[in-house]
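One structure below.
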Amino acid sequence: MAAIKSEVSAMKRYKCRVCGYIYDPEKGEPRTDTPPGTPFEDLPETWRCPSCGAKKKMFKPLD
């Protein structure tokens, strides 16, 4: 269990360049039915920012 938590913590967060929303893989995103532990890279290309609707390509990595 500790190994899984450290893997999730190592995943990068991404910020929407349109509205500033931050996707945190450790938390996931309930509004889009994205479970905790889902890396940004694994989100489908059709995934949109839950705050403003921007496309996935409008996000930039943090950290």
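Note: Cβ is positioned from N, Cα and C throughout, glycine not excepted.
What Swiss-Prot says about this protein:
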DOMAIN    11-62  domain 'Rubredoxin-like'
BINDING   Cys16, Cys19, Cys49, Cys52  Fe cation binding site
For the Fe cation site (Cys16, Cys19, Cys49, Cys52), what does the 8 A shell look like? I mean other same-chain residues with CB within 8 A of the CB centroid. Val18, Gly20, Tyr21, Pro50, Ser51, Gly53, Ala54, Met58
According to DSSP, collapsed to three classes, what secondary structure does Cys19 (Fe cation binding site) have? coil
What is the total of other Cβ atoms whose distance to the Cβ of Cys49 (Fe cation binding site) is within 10 Å? 23
List the residues of the same chain that sit at least 6 positions away from Cys19 (Fe cation binding site) in sequence and have their Cβ under 8 Å from its Cβ, in sequence order, or write 'none'. Cys49, Ser51, Cys52, Ala54
Same-chain residues six or more away whose CB lies under 8 A from the CB of Cys16 (Fe cation binding site)? Ile22, Tyr23, Cys49, Ser51, Cys52, Ala54, Met58, Phe59
